[in-house]
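Database features (Swiss-Prot):
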- 400-843: domain 'Urease' (DOMAIN)
- His405, His407, Lys488, Asp631: Ni(2+) 1 binding site (BINDING)
- Lys488: N6-carboxylysine (MOD_RES)
- Lys488, His517, His543: Ni(2+) 2 binding site (BINDING)
- His490: substrate binding site (BINDING)
- His591: active site, proton donor (ACT_SITE)
Amino acid sequence: MKLVQREAEKLALHNAGFLAQKRLARGLRLNYTEAVALIAAQILEFVRDGDRTVTDLMDLGKQLLGRRQVLPAVPHLLETVQVEGTFMDGTKLITVHDPISSDDGNLELALHGSFLPVPSLEKFSSVGVDDFPGEVRFCSGHIVLNLHRRALTLKVVNKADRPIQIGSHYHFIEANPYLVFDRQRAYGMRLNIPAGTAVRFEPGDAKTVTLVSIGGRKVIRGGNGIADGAVNRSQLNEVMEKVIAKGFGHEDYPDSSEGIIGDGTHDYIVDHEKYASMYGPTTGDKIRLGDTDLFAEIEKDYAIYGDECIFGGGKVLRDGMGQSAGYPASDCLDTVVTNAVVIDYTGIYKADIGINGGLIVAIGKAGNPDVMDMDGVNEEMIVGVNTEVIAAEGMIVTAGGIDCHVHFICPQLAEEAIASGITTLVGGGTGPAHGTCATTCTPSPSHMKLMLQSTDELPINMGFTGKGNTTKPDGLAEIIKAGAMGLKLHEDWGSTPAAIDNCLSVAEAFDIQVNIHTDTLNESGCVEHTIAAFKDRTIHTYHSEGAGGGHAPDIIKVCGVKNVLPSSTNPTRPFTLNTVDEHLDMLMVCHHLDRNIPEDVAFAESRIRAETIAAEDILHDMGAISIISSDSQAMGRIGEVITRTWQTANKMKRQRGRLPISSSPDAAEDNDNFRIRRYIAKYTINPAIVNGFSDFVGSVEVGKLADLVIWKPSFFGAKPEMVIKGGAIACANMGDPNASIPTPEPVMMRPMFGAFGGAGSANSIAFVSKAAKEAGVAVQYKLGKRVEAVGRVRGLTKLNMKLNDALPKIDVDPETYTVTADGEVLRCQPTPTVPLSRNYFLF
C-alpha cells in the first residue's frame, strides 16, 4: 500500500465517518464528533468521485445534515468543517461554513457510497430548543475605548491607485506617503478604533478619522522612521522637515476638532456583545461552561479598553505598536497568553498571562509600555521581539489539573491524562502487577528508581508513594530516601491501627503525606478505631465515601474530622442512574476477588451503597469533601477527573439551586462563581496543598509553574484546546499535519514539541521527599526533570483546604445507610443524564 501518514490518518477519519453513517441510518441524531466525521469523510468521497469542484463541495457540505439529524447542541458547536483531498489538479482545501444550516439534510447524499439504507425523515424528532454550549450572556451598558485620551479629527485623502489600510495602533504620522493629511497634528497619535481593527482607504477616498494620543511613555518606533523617539513638541519642526523631505503627503487641516475621550464628541463606543466578538467577554458578562447549567461571571478585566493585545496581520502586536522595540530579551516575556478568562480558586477574571523561564511571572495587562498606559502595562509583562503569543480571546484558562490518586498500571495513562487537562500525577505502582492494580504503592527502592526514570521524559509532573503498611519503621526510611514523596496505607496490605500509627510516625519525621484506603472488612476495628489511630495527625483519606474502599458502611464519617483531608474518586461522581450497577464487577476485578467465594462477593457488595454515594454529592457541594481524583484503572477513569468534577457541580446546581455566598449565607450570587471556584479547587489547589507542592503548581498565580489549560467555553470540562506545560505547548488540538493550515480534519489532541525529546523533562517536576532530594536522587538516577521536595504537610487540617473546609458532624445509620450532617439527612436522586457527555464523545 505504501501509505503515508496523512493517508493513515484519513483512514481513521473515514472509519469515524462510516460509524456516524451507521448511526444516522438507524435514526440516531449525531453529536459533534459524529457530525464532523460524516461531513468530512463524505467530502473526501465526493472528491474521489471526481466530478465536483472545490466550490461545489463547499456548498454540498452544507446539505448533508440538518438540525433534525444532529443533537440540539451541535449547530452551536459546529461552525466550520475543513478537509483536504486529492483532486485531479492536486491537493486542495475544502471549507464548509455553517454546515448545519437547514432543518433537514439530504440523507441520500449523507449516505452516498455507504450502501446503508436511507432512513425516513420521520425517524428524526423535531428540532427543539436547547441552551447552547459556551453561551455568553452579555452585561448591559457600553464600553468607551481609549477613555480620557486626547482626541482630534483629521481629513485623510488617498492619492494612490491602490487601497491603503491602516491598523489601530500604527503611528499615524508614519502612514503611507500617498495618504494626504495634517501630519503635524497626527504627531503622537493613532486611530481611535477598536484594537486590532483598521481603516481602509480606497483609491481616491477622502475620509474624516478620529485619532487619539498614544499612551505610556509616548515613544514612537517603527513605521517609516520619520518620528522615531519620544514624542516631544520641541522636535516637531525637525519631524516635519523629514515628512516634506521624504515626500510624505501633508496638508494642514485647520478644521480639526479636538477634545478628550469621554466627553461624547470623539468617543468610540461598543456594546458588550461586539466587544466580546473581538476580545472575548469582559467584566459583568457571564459564560456557560460547556453544556452545563453553570455560568461564570467575569469579576474583573485587566484590559485597558482600546489597548488590548491582539496578534495577527494588521493587528496590535507589531513592531513599535503593541510589540515594543529596543528592549532586550531579559526585559521581555518569553510567552504571553492574551485576553484569557481565568477560572481559578482565586477568582474569575480576564487578563494577559506572562510566562518566563517556564513560570508565570505576571498576570495583568501586557504590551508595549512606550505606547500603552503605564497604569495598565505591567513592567513584568513587556511584549518584545523575543516574545511568543498564544491568543486566548474568547477562551478560558485554568491551572493544569492534579490527579492525586493514580495507579501507575500502564504508561499510556499519562497520554490520556494530559489530553484531558491533567498536568500532575501522584500515586504509586510499577505497571500491571497485581499489587499495583489494587494499590498505589511503589514498594522498593529499585521500583522507585524505575518509575522516576521511566516517567522522566513525560511532560507531566510526577510524584510516587511508597507502601506504608508495616507495624515497624524498618524499610520505610529506605523508600522515602529513594524518592517517595508520600506513603500509602491500603487495606489489601493490611490497614490496621498498628500499621497506621507506625506509618504516621515515620511520615511526621520526614514531613510527607500519608494516604489511606481503610479497612472495609472492619477486621481490626471500625471507623472510630481507625480515626483514633490517627491520633489527631494529618492524613489524606482516599475515596472517603467508601465505594472505592473503606470501613463499611460509615467511612464517610471521616469527612467531618478536622485532621482528615478527604477526597473522592471519580466513578461515584456524580450519583447517576447506572452508578451502582457498574461497581460490583469493577470492584471484583480491581481487588483480585473471586465471585465463586461468597465472602468475596459480600465484601464487594458491602462497599456499594446508593445512600452514601448520594450523600457524597451533597458533601462535595457543602465543601466537606475537598478533592476529586481518579483511582486510574483501579476503579477510576484518569481522563475524566475534570469532566466528572463539573458534572457533579452541575447536578448539585440542578438539585440544590445556587450556593449561598460564604461571606453572606443568606444571599446567592446571580452567577455560579462561588460553586465554580469551590469545584475547581478540588482538582487544582487542594491536592497541591495536601501533597506539599502548592508552592509550585495548583493555581494560576505568579511564581508557579506555567501549567495551564486552554478551553473553548463550549467544550469546557470535556475537551481542552491546548495544554501548556511549564510554559511549553505540550498537547493541543491539531489537524492534518500535511494540510495547508492547522485546522483541516482529522483534528485531534496531539503531542506537541513540549512533549518531545528532553522538553518533557525540562518543563516538568519530579516531586520527592526532602530526604530524597538531599540524598541526590536527581544525580543518582540521572533525571532530566527538575527535582523538588514536598513539605509543610504535617499539621495540615481541613481548614487549610481552599473553599472546601466544612466540618459537619456526620452520622450513618448502620442498617439503612442514611447519612446525616449536623442532623440533616443528606439525600438526593440519581440523575439519568449528565452534561459533558453525549454531545462530545464518539463512544
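The chain as shown is numbered from 1 upward.
Backbone N, Cα and C atoms are what each Cβ position is placed from, and that goes for glycine too.
The Cα atom of Asp631 (Ni(2+) 1 binding site) lies nearest to that of His543, taking the recorded positions His490, His517, His543, His591 as the candidates. Within 10 Å of its Cβ, the residue among the recorded positions His405, Lys488, His517, His543, His591 with the fewest other Cβ atoms is His591. The domain 'Urease' (400-843) scores a mean pLDDT of 96 in the predicted structure.
Reduced to three states, the DSSP call for Lys488 (Ni(2+) 1 binding site) is strand. A 10 Å radius around the C-alpha of His405 (Ni(2+) 1 binding site) takes in none of the recorded positions listed as His490, His517, His591.
Under a cutoff of 8 A between CB atoms, and with a sequence separation of 6+ in the same chain, the neighbours of His407 (Ni(2+) 1 binding site) are Gly427, Gly428, Gly429, Thr436, Cys437, Ala438, Thr439, Thr440, Asp631, Ser632, Gln633, Ala634, Gly636. Of all Cβ atoms in the shown protein chains, 25 besides its own fall within 10 Å of the Cβ of the residue listed as 'substrate binding site'. Counting every protein chain shown, the Cβ of Asp631 (Ni(2+) 1 binding site) has 29 other Cβ atoms within 10 Å. Taking the Cα atom of each, His543 (Ni(2+) 2 binding site) and the residue listed as 'substrate binding site' are about 12 angstrom apart. One way to see the shell of the Ni(2+) 1 site is to take the Cβ centroid of His405, His407, Lys488, Asp631; the remaining same-chain residues with a Cβ within 8 Å of it are Val406, Gly427, Gly428, Thr439, Thr440, Asn515, His517, Tyr542, Thr569, Ser629, Ser630, Ser632, Ala634, Gly636. In sequence order, His405, Thr439, Thr440, Leu489, His490, Glu491, Asn515, Ile516, Thr518, Thr541, Tyr542, Gly548, Gly549, Gly550 are the same-chain residues whose CB sits within 8 A of the CB centroid of Lys488, His517, His543, the residues recorded for Ni(2+) 2 being left out. Proximity to His517 (Ni(2+) 2 binding site), judged by a C-alpha distance within 10 Å, picks out Lys488, His490 from the recorded positions Lys488, His490, His591.
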